[in-house]
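Single-structure report; data block below.
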Amino acid sequence: MKMLSAQFPVESNITVEGEITYNGVPQKDVIKRVPQFVEYVPQSDKHFATLTVRETLEYAHKFIGAGLAEKGAETFTKGTVEQNLAAIEAAKAYYKNYPDVVIGQLGLQNCENTIIGNAMLRGVSGGERKRVTTGEMEFGMKYVSLMDEISTGLDSAATYDIICTQRSIAKTLHKAVAISLLQPAPEVFELFDYILIMNEGEVMYHGPREAVVPYFESLGFKCPADRDIADYLLDLGTRMQHQYEVPPPMGMTKHPRAASEFAEAFVNSRVYADLVGMIEAPMDPELKKHMNEYMDPVKQFRRSWFRNIGALSVRHMTILWRNKAYVASRVVMTCFMGLIYGSTFFDVDPTDVQVMLGVIFQAVLFMSLSQASQIPVFMEAREIFYKQRGANFYQTLSYVVGYSIALIPPSLFEIIIFGSLVYWMCGFVANAGAYIIYLVL
């Protein structure tokens, strides 16, 4: 799925076979813009713990939902002037309030103002966090949604709710939704239209859900009436397949055993022939029209790097100030170390150049080393950055500059508190200009 969404890092030691196209366009031609058409929902739930559900979704809307109202307005041209204007206003209102739409679709109304949380900070439940992960990628009106093992850590009820919602979204918005699952429950299995079964890198079956049982029965594996279809299909790729064996049909000398044998049988099947015929059929002219109208004009990022800097700065400031333990510890440490330095060099002789330079050097060194406390915070946010940058939320430069701007206010506070204590306790020159120069240094 990472390969289909252009988020798999293809390095020199990796060989990719075959070709990936979108409406006939090779992936390499649009690889930087693929995240604007294809969304990838990762298996892990990585979010900023101190942001609420609503804030997380609203920031996603800012980054990848920008400009959709204007884009949608261009399509309303077939009615009268009044009808077109009414449709445009309705579309603008819809896109403006799309976070509320996503919250409603995913059933997050009861926890929208609750922080996400993590292993150390209590927040939403695991199922709600998975819904947030899904909802975060829903913005931007993507055409394809790829969801990677989203049932990990969830119970069957939560998994059913999420996939049922995705089925509704796919039918309503005419999206293609592909979900990989390890062991789906029977009610979850029934929600899918098409099934793809893979084992050891081989395709054992790819076709309609209704045809999967008759297909494997044609290979000599009958599903008992009291057995779940999903469990039956999973067992076919293991040694448990023997319990389903029936005499092979006419024309078959033995049952397929290994994944490669199942793949060979599938290639020679009618289901595979129908699939190939669908793929090799002439492309619908309407698809080419959509490609020219919607794919070609799309840029790599929805917003300019300057606008993203503003949003990222506000987000990082919010995250920083909500970490009350960190802020309190920084205030206490800054005041305490300022008093220690000030009392150690209390009222020093201003003519002793060596001591004065030592005081200034120690002050600069302390303020420099104190910023090292941001390294764990930065490393913790790294996986979130990789996820959002891979989805083209914002430019790398915007993230770095925005994060740096967010650190300016607390750094200024520390400089003023620590610098004032050291400056006046050490008996430096009582001059406003000299004091300001000292703080700047």
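Each residue, glycine too, has its Cβ placed from N, Cα and C.
Residues annotated as domain 'ABC transporter' in TrEMBL: 16-149. Assigned with DSSP, the residues of the domain 'ABC transporter' (16-149) fall into helix, strand and coil as follows: 62 helix, 15 strand, 57 coil.
Taken from TrEMBL, the feature domain 'ABC transporter family G' covers 183-236.
Summarising the annotation, TrEMBL assigns domain 'ABC-2 type transporter transmembrane' to 309-440.
Remote same-chain partners of the transmembrane segment (325-343), defined as residues 6 or more beyond its termini with a Cβ less than 8 Å from a stretch Cβ, comprise 359, 362-363, 366, 370, 373, 377, 410, 413-414, 417-422, 424-426. The transmembrane segment annotation in TrEMBL covers 325-343 (among others).
Per TrEMBL, transmembrane segment is recorded for 355-379 (among others).
Per TrEMBL, transmembrane segment is recorded for 391-409 (among others).
Positions annotated as transmembrane segment by TrEMBL: 415-440 (among others).
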Quiz item: With DSSP, how much of the domain 'ABC-2 type transporter transmembrane' (309-440) is helix, how much strand and how much coil, in residues?
Solution: 110 helix, 0 strand, 22 coil
